[in-house]
Structures are given as structure tokens and as C-alpha cells.
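Undergrad: Below you'll find the structure I mean.
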Amino acid sequence: MVNIGVLISGSGTNLQAIIDNINRGEIKGKIQIVISNKKDAYGLIRAEKAGIETLYINRKEFNSVEEYNRRILDELKRRKIELIVLAGFLNILTQEFIEEYRGRIINIHPSLIPSFCGKGCYGDKVHQMVLDRGVKITGVTVHFVDEGTDTGPIILQSSVKVAEDDTVETLKERVLKVEHELLPKAIRLYCEGRLVIEGKKVRIK
Ligand code: GAR
């Protein structure tokens, strides 16, 4: 069993998908803690309902982003977390954090990286940019986290067609459906030891 820590900022539908997969016995892992940087994140309630320990850590209580990250890191290490999943965690991690957990942090992004990603490109903004640019295909990427923003080795990708009459809401809904398949799948593969990072590439054994 892999000890998993999930970081969230919002509604936590991806967290819910992971919980459901674990409950069905599809992932050889256990979520030990869900940490949020937002007090009112609905994902915290989802976790509580599932009997998972939750923690809200307020950035404003720390003098620097480094101290804030160190606190999150301490909480994860104290619980012997082996895999960190960023499930809609809309915050940048520090170098120290990433070094400590290199190759053991997974992020989900609601577009086909390297399109519509990078600094300031997250959540609904991504779908708005996709619609504004008029692309016909968008999608989902699950990747390992490195020091850059959305630049780490890609584990899985899946495409979603953009419809002419799509709004942010309708597109987001279809993309989320795919996210809820892809993120648990990547975690399952990780927990089975089937993901091999080779430079920028991830080989699935
Ligand atoms: C998801 O669409 C996820 O891909 C996105 O935030 C949303 C969280 O939804 N993440 C990013 O944009 C990261 N750059 P959820 O809280 O319902 O899982």
C-alpha cells in the first residue's frame, strides 16, 4: 500500500474520483491526508465524509512561501507520505519541496500540455483560453512535477473535442469527466510501480 497525500484548493471532484477508485479496490494505496490552502474548499468535506484526515494550512500565517511549503512538507513527512497528488492545488511548490519528493508528485492539468499551461494558467482560465484561441481539440494531462510550471514528465494524456457552442462550463464538464478517469489511472500505475521516468519521458511498464 502506497501512502498518498492529496493537495487541493477547490471542489475536489478529482479527489472524489481517487477516493472512489480506492474504495473499489482499484488502487493499491491509501489517502492518509488531504491538505488544502483554502479554508472553504469543498474537497475538505468530501475527505471528511470518506473518513480521511484533513488539514487547512493558511498561507497568511507564514512569512514566506518557503516557510509555507516547509510546513506542508513537514505534515506530509510526519505521515510518511510516499506519493503526493496535486488534485486541483492551485499553488506553486518551492524548489525544496520538489527536490524532497522528486518523481513522487503527480499533477493534473485540464489541457493538452504544452498548450494552455504555465504560470497563471489554471482552472477555468484554461478553458477560457482554449475557447478564445478557437482550437478544435483540448484535453487532459497527468504529469510528474518538476521545478517548472507544467513542464514535468508526462504520464498520460487524453483528448476532448471542443464543440462550436461550448462555454467554459460545458467544456469544463466534459474535460472533468476525462480527468476523473485519467488521474486515478495514473495513480494506479504509480502504486503498481509501473511508471519509469527516463529524462522527459515516462515509460509505462
Ligand atoms: C481541475 O480541472 C484540474 O485539472 C485543475 O483544477 C481543477 C480542480 O477541480 N488544475 C489545474 O488547473 C492545475 N494547473 P476539482 O477540485 O474539482 O478536482
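For all residues, glycine too, the Cβ spot is worked out from N, Cα and C.
These came from TrEMBL, pasted as-is:
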type     : residues            : note
ACT_SITE : HIS109              : active site, proton donor
BINDING  : GLY12, THR13, ASN14 : N(1)-(5-phospho-beta-D-ribosyl)glycinamide binding site
BINDING  : ASN107              : (6R)-10-formyltetrahydrofolate binding site
DOMAIN   : 3-187               : domain 'Formyl transferase N-terminal'
SITE     : ASP150              : site 'Raises pKa of active site His'
Undergrad: So which binding-site residues are near ASP150 (site 'Raises pKa of active site His'), with CA atoms within 10 Å, out of GLY12, THR13, ASN14?
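TA: Candidates kept after distance check: none.
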Undergrad: How big is the Cα-to-Cα gap, in Å, between ASN14 (N(1)-(5-phospho-beta-D-ribosyl)glycinamide binding site) and HIS109 (active site, proton donor)?
TA: 11
Undergrad: Just counting, how many other CB atoms are there within 10 A of the CB of ASN14 (N(1)-(5-phospho-beta-D-ribosyl)glycinamide binding site)?
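TA: Its Cβ shell of radius 10 Å holds 25 other Cβ atoms.
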Undergrad: In the structure shown, which of the recorded positions GLY12, THR13, ASN107, HIS109, ASP150 has the fewest other Cβ atoms within 10 Å?
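TA: Comparing Cβ neighbour counts within 10 Å for the recorded positions GLY12, THR13, ASN107, HIS109, ASP150 gives THR13.
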Undergrad: Show, in sequence order, which residues other than GLY12, THR13, ASN14 on the same chain lie with their Cβ within 8 Å of the centre of the Cβ atoms of the N(1)-(5-phospho-beta-D-ribosyl)glycinamide site.
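TA: The answer, listed by sequence position, is ILE8, GLY10, SER11, LEU15, GLN16, ALA17, GLY43, ARG46, ALA87, GLY88, LEU176, HIS180.
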Undergrad: What does the structure give for the C-alpha distance between ASN107 ((6R)-10-formyltetrahydrofolate binding site) and GLY12 (N(1)-(5-phospho-beta-D-ribosyl)glycinamide binding site)? Integer Å is fine.
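TA: Cα to Cα, ASN107 ((6R)-10-formyltetrahydrofolate binding site) and GLY12 (N(1)-(5-phospho-beta-D-ribosyl)glycinamide binding site) are separated by 13 Å.
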Undergrad: Would you mind giving the whole-number mean pLDDT across the domain 'Formyl transferase N-terminal' (3-187)?
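TA: Across the residues of the domain 'Formyl transferase N-terminal' (3-187) the model's pLDDT averages 97 on the 0 to 100 scale.
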Undergrad: Which of the three DSSP-derived classes (helix, strand, coil) applies to THR13 (N(1)-(5-phospho-beta-D-ribosyl)glycinamide binding site)?
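TA: The three-state answer is helix.
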Undergrad: Report, in whole Å, the straight Cα-to-Cα distance of HIS109 (active site, proton donor) from GLY12 (N(1)-(5-phospho-beta-D-ribosyl)glycinamide binding site).
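TA: Here the two Cα atoms are 14 Å apart.
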Undergrad: Distance between the residue listed as 'active site, proton donor' and THR13 (N(1)-(5-phospho-beta-D-ribosyl)glycinamide binding site) at the Cα atoms, whole Å?
TA: 13
